[in-house]
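Notes to accompany the following structure.
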Amino acid sequence: MIFVVIALLFASFFFSGSETALTAVNKIKLQSQATGGSKKAEKLYELVNKPSQFITTILIGNNIANLIAPVLVTSMAIQYGWSVTIASTVLTITIIICAEVIPKSIAAAFPERVSYMVRPIISLLNIVLYPLTFILNKLTDLITKFLSKGSQPSWTVSREEIINLVQIADNEGALASTESQRLRGVLDFRELNVKDVMTTPRTEMMAIHKDEKISEVRDRVVDNMHTRYPVYDEDLDDIVGVFHSKYLLKWSLTPERPLLDFCDQEPLTIREFQNVEDVLRRMSKQRRHLAIVLDEYGGTEGILTHEDIIETMLGFEIEDETDLKNDSVVRAFSEDKIVCDGKITLHRLNQLFNTDIPEEEDTLSGYLLSAFEDIPEVGDKTYLDNLEFKILKMEDHMIRLVKIIKHEVSFDQGNEEAR
């Protein structure tokens, strides 16, 4: 009889672990593997996709084992003259430890591996116990329907839950890093302002003076290959229009006419801290592809293009036939590594890379210049907590490309430079 009790304890061990594993296994990853042609994943996904059926089967098996075992132990205690109280106490402790805590802990740590191991037996029991599970599930459905009468089911999923799902899918390998980056771009889009998205600051603007002749403008367009150019009067704080390169041909027919005759003389102006979603809606409504970004004093901070916003939202760069190089702010991205332009704002970097870099400076370049206390060189490194910053590219004393690695532990040297 003692062997029967051991067998029942093992059955309880099996069912407890099976329940935890099958409910914890990553369905997104299973579905991806099943779509990729894995027969094992397909069978397991088919099982876990019907939770009410396998959970009912497991509960029936587990309860049978846990009900019969005490009866047998009590019978043995009476037969051999043992204390029933002590025997029941020992059995209860054994069930809690060996048939609940241990199997559930193992299954929670290795849900996928355990799920593949238990699937054949659970699938077989689903067939054997189907008449009973069918009746129990129908009864449960009736009770649930009665109790929820008059109430509307809520399917609301919070933004944080979706972000967590994307993070889990990325960690588990169900999503490629580029797919994860695109999803995060869409989810974070509403939280961004113009300054987070703007990739062309004032110092990098290619602008045209309103009095320039057609030959000068033509040479500038040929050299830079941009589509639209801000046109200024006295200085860059006095933008009076936007010139589209497609009007060069039309201008060439009457070269004596001034540049402003071929410009949009009502340029769209926006503020640097405006919500980027509102700006996108405004640009689309007014059919504008370029906006002049103004700072808090009304001066020109830079320019923002329709393309900049779309690239940020989708998480990758849109290239056209005029793109000569990769100007994307984020070049590579993973959970513990990012390669980005020095002009990325710290606010956007902290959101994207889940970091807490102090935002006293506006951009990563400004922060690093402050950290190095000098103009760094390619290959120079500095550290902040568990972050390692490495300069990959410099151009005219400007930090163009930085690699940031997120380590598991903090650096003892803090924010000191290491060359």
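In case you wondered, yes, glycine gets a Cβ from its N, Cα and C as well.
Residues annotated as domain 'CNNM transmembrane' in TrEMBL: 1-179.
With DSSP states grouped into helix (H, G, I), strand (E, B) and coil, the domain 'CBS' (198-259) comes out at 24 helix, 15 strand, 23 coil. According to TrEMBL, the feature domain 'CBS' maps to 198-259 (among others).
TrEMBL lists 263-321 (among others) with the feature domain 'CBS'.
The signal peptide feature in TrEMBL is assigned to 1-23. Counting same-chain residues at least six beyond the ends of the signal peptide (1-23), those with a Cβ under 8 angstroms from any Cβ of the stretch are 47-48, 51, 54-55, 58-59, 61-62, 64-66, 68-69, 72-73, 75-76, 91, 94-95, 98-100, 102-104, 106-108, 110-112, 114-115, 118, 121-122.
The transmembrane segment feature in TrEMBL is assigned to 54-73 (among others). Note on the transmembrane segment (54-73): residues 1, 4-5, 8-9, 11-12, 15-16, 18-19, 22-23, 47-48, 87-88, 91, 95, 99, 122, 125-126, 129, 132-133, 136-137 of its chain, located 6 or more positions outside it, place their CB under 8 angstroms from a CB of the stretch.
Below 8 angstroms of C-beta separation, residues 5, 9, 12-13, 16, 65-66, 69-70, 73-74 of the same chain, each at least six residues beyond the ends of the transmembrane segment (80-102), sit close to that stretch. Annotation source TrEMBL lists transmembrane segment at 80-102 (among others).
According to TrEMBL, the transmembrane segment annotation covers 114-136 (among others). Using a Cβ-Cβ cut-off under 8 Å and counting only residues 6 or more beyond its ends in the same chain, the transmembrane segment (114-136) has close neighbours at 14, 17-18, 20-22, 25, 40, 43-44, 47-48, 53-54, 56-58, 60-61, 106-107.
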